[in-house]
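Below is one structure; the comments refer to it alone.
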Amino acid sequence: MKIQSPLEAYKYLPGTNCKECGEETCMAFASKLIDRSRKLEECKEILDESYKDEYEELTGLLAPEIKEITVGTGEKAVKIGGEDVMYRHELTFFDAPPFAYDVTDAMDEKEIVDRVNYVQNYKKFYVGNFLTLEMIAIRSVSDDPKKFSSCVRKVAETTEIPVVLMSFNPDVLEAGLKVISERRPLIYAATVDNWQRIAELVDKYKVPVVLFSPDLDKLSSLVKTFLEMGMEDLVLDPGTYASGKQLKGTFDRFIKLRRSGIKEGNKDITFPLMCIPMQTFLANKKGYKPLPDELIKTLGGPEDGRELYQPVLSETTIGNISIIKYADIVVWHNIEAYSILPSIHLRFNIYTDPRTPVSVEPIMREVGHPDENSPVFFTTNFALTYFTVFNDLDSNGIDSYLLVVDTAGIGVQSAIAGGQLNAGKIKDAVEESKVKEKVKHNTLITPGYAARLMGDIEDETGMTVLVGPMDSGRIPGFLDEHWPPKSE
């Protein structure tokens, strides 16, 4: 995005404050354009022919520095790229990199179907969101167009999530495209050796393509060649290597490409980047076995056995570094929980907007089946705090009322220090929830870190305050000792 101020965007808008876009003023709409929560096309007036020049110029100014590419169709489609900054604190990161997990044409049908179903059905609840896996990477290891076509067909029959077709053989890729081209797959990959045939496929089937070369000069040359042919839906793979200087070189290239595209404005390489940590499995000659339970528990294991598990550890490590260092799509092999969980959690946190704390609606929630004798707790509407407290109450079978106080998505300690959590806010939450009408004990349990507010809360609300534990995981023991409250 070439502009960062709403004023700069506003001067291109009609300025009529027509409100057809849903905003009260054109300035408000300009602000939403800058934070990318609204699309320029939502302004109907600027689509008029009389505003053609303003529309085209503003479209260019609002375009992200890294081109945004869509893979797939419909609701399952994913966006790759679309970033504007090198560092999240400068604005935010927008499009979290989709994770693609591989199947190959050497697998039998059952294994293909099982892996695809595992990926498309994967769902992990985390601070109010369901974390999912988005793509399937279909690899040709046979180099046989018929086998690859059969594998692609089986995947297409099993899922509608987007796919990557992976082969350096244009004939193999075309066999897959004949099956699934209407779903707009990403094809991998054009190289200095096969680019002409791959370009023909891109032109014929109108699909996005990955350009591969660990030599950045050759990669840039490939980009220029494809751009000259009018093909702009490009993804760049500068190579992923698993160890030593090659590993360092991998991330050096990622950083150079992103810096050159965003900071230096090099238009030849302002495209999304692909990382393939799965290469650790391909490079490992000793094979792979799932980590044994005892190794997981101890986070160690016998030295002579570690090499067998090294691909798993290396893939997870390299993949997670790539999430931080500018990968816009990541291709994985291992689908075991201990590999997936840290990766999807890291991705979620890196791509959380720092301008807007993750929060929940500040209302009273019932945990289980509370009655007039059930305890009343309060917490803040910071999502991580809320879900931790709620889950600790729910998992321990504690029927209770949980008041969620509006602290603008800030946790207990920070909200107290900053004034977002105070006795007045808690009084408002008590009154709006009418919780006093639901219980007969007139007792409120505060977080341990809110102990300093005890007197003020009692004065404001007229309730008796019990200071709870610092850690919500200790609530069961706290209630055993302090609940029900002693009669006054």
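Placement of Cβ uses the backbone N, Cα and C atoms for every residue, glycine included.
Keep in mind that this is a model prediction, so the values were computed, not measured.
The domain '4Fe-4S' feature in TrEMBL is assigned to 1-60. Broken down with DSSP, the domain '4Fe-4S' (1-60) shows 32 helix, 0 strand, 28 coil.
Its Cβ placed at the centre, Cys26 ([4Fe-4S] cluster binding site) has 24 other Cβ atoms within 10 Å. Here TrEMBL flags Cys18, Cys21, Cys26, Cys43 as [4Fe-4S] cluster binding site.
What TrEMBL lists as 5-methoxybenzimidazolylcob(I)amide binding site is Thr379, Thr385, Gly409, Ile410, Gly411, Val412, Ser472. Following the DSSP three-state reduction, the secondary structure of Thr379 (5-methoxybenzimidazolylcob(I)amide binding site) is strand. Annotation for Thr379 (5-methoxybenzimidazolylcob(I)amide binding site): spatial neighbours Thr385, Tyr386, Val389, Leu402, Leu403, Val404, Val405, Val412, Pro447, Ser472, criterion Cβ-Cβ under 8 Å with sequence separation of six or more.
Note: the CA-CA distance between Cys43 ([4Fe-4S] cluster binding site) and Gly411 (5-methoxybenzimidazolylcob(I)amide binding site) rounds to 38 Å. Cys21 ([4Fe-4S] cluster binding site) sits 31 Å from Ile410 (5-methoxybenzimidazolylcob(I)amide binding site), counting Cα to Cα. Taking the binding-site residues Cys18, Cys21, Cys43, Ile410, Val412 in turn, the residue surrounded by the fewest other Cβ atoms inside 10 Å of its Cβ turns out to be Cys18. Neighbours of the [4Fe-4S] cluster site: apart from Cys18, Cys21, Cys26, Cys43, residues of the same chain with C-beta atoms within 8 angstroms of the site's C-beta centroid are Leu13, Pro14, Thr16, Asn17, Lys19, Glu20, Glu23, Phe29, Glu42, Lys44, Glu45, Ile46. The binding-site residues shown are Gly409, Ile410, Gly411; of these, the one with its CA atom nearest the CA of Cys26 ([4Fe-4S] cluster binding site) is Gly409. Of the residues the record lists as binding 5-methoxybenzimidazolylcob(I)amide, namely Thr379, Thr385, Gly409, Ile410, Gly411, Val412, Ser472, the two whose Cα atoms sit farthest apart are 18 Å from each other.
A straight line from the CA of Cys18 ([4Fe-4S] cluster binding site) to the CA of Gly409 (5-methoxybenzimidazolylcob(I)amide binding site) spans 33 Å.
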